[in-house]
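Features of the protein shown, as given by TrEMBL:
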type     : residues : note
DOMAIN   : 68-259   : domain 'ABC transmembrane type-1'
TRANSMEM : 7-29     : transmembrane segment
TRANSMEM : 66-91    : transmembrane segment
TRANSMEM : 103-125  : transmembrane segment
TRANSMEM : 137-159  : transmembrane segment
TRANSMEM : 180-205  : transmembrane segment
TRANSMEM : 238-258  : transmembrane segment
Amino acid sequence: MSKKLSVLFNYIFFIILAIIFVYPLYLMFITSFKSTREVFLDPFGLPNTWSLQPFLDVWNEANFNIYFLNSVVITAFSLIILLICASLSAYALARFNFKFNNVVFLIFLAGIMIPIRLGILPLFILMRNLNLLDTRLSLILTYSASGMPMSVFLLTGFFKTIPRELGDAARVDGCNEFQIFYKIMLPLIRPALATVTLVNFVPWWNDFFFPLLFIRSDHLKTIPLGMTIFFGQYMTDWGHLFAGMVIASIPMLVLYIIMSKQFISGITAGAVKG
């Protein structure tokens, strides 16, 4: 009987927890279809009319399509660079016992503990000297570098869970080290790569600090930075503001739905052996 009560309590607890997390998304969604008058008269009720016009206005008239494209390009290229560099680094740290192996790994761990914003002044000077200010490349390089420590840490732990016999057997069959990495190891670490992708995608997609620091031109702004201009443009039009938020949140929701299973398995598998 006590076990059934415990299960019932767990279900009730998680249902309440789910409502707490989902309700703000629900409010954001229904508000995006409302006029400003409706928002103030009935903020928690359903809209009187369900029209896509606020979304069309945001996408076509507020440069939101440009901001969205910039965010996609910057985040995608940052992830590609990060996944390539982090997976190669983690493979070397996990599979080769070279001199100062542990020292290099500790340096990556130090990168987790030290926020990148502490070095913002030398980073800004570096970007200025390289003539990278007000370019997408400044954000791509910054994001890729900031994601390396945590990504290498996660992937190294995952690589260590893979039996060394797989690599030895491939070497006997004539595979070189790169072929072992590309053809054998990469397919096995897909859950870990999904974890790294999600862990880094969300903060980069929502980042406001570095675009504010590096970007000046309106046609290079990302969604978070563009939303500030958008908010000034629609100071009282809450429907348009929430429509922009809904559009901005779609990629994160889609990516998590697609990769959630691999994300969870990657987190648990990477923690088995460190």
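Numbering starts at 1 and runs along the chain as displayed.
Just so it is clear, glycine is given a Cβ too, placed from its N, Cα and C backbone atoms.
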> For the transmembrane segment (103-125), which partner among 7-29, 66-91, 137-159 gives the most CB pairs under 8 Å?
Replying inline: 137-159
>> Does the transmembrane segment (180-205) come close to the transmembrane segment (7-29), meaning at least 3 CB pairs under 8 Å for residues 6 or more apart?
In response: no
> Do any residues of this chain, six or more beyond the ends of the transmembrane segment (180-205), have a C-beta under 8 angstroms from a C-beta of it, and if so which?
Replying inline: 71, 74-75, 78-79, 82-83, 86-88, 91, 143, 147, 150-151, 154-155, 158-159, 162, 166-167, 170-171, 223, 248, 251-252, 255-256, 259, 262-263, 265-267, 269-270
>> Which residues of the chain, 6 or more past the ends of the transmembrane segment (238-258), have a CB below 8 A from one of its CBs?
In response: 25, 28-29, 31-36, 38-39, 54-55, 57-59, 62, 64, 68, 71-72, 197-198, 201-202, 205, 223, 227, 230-231
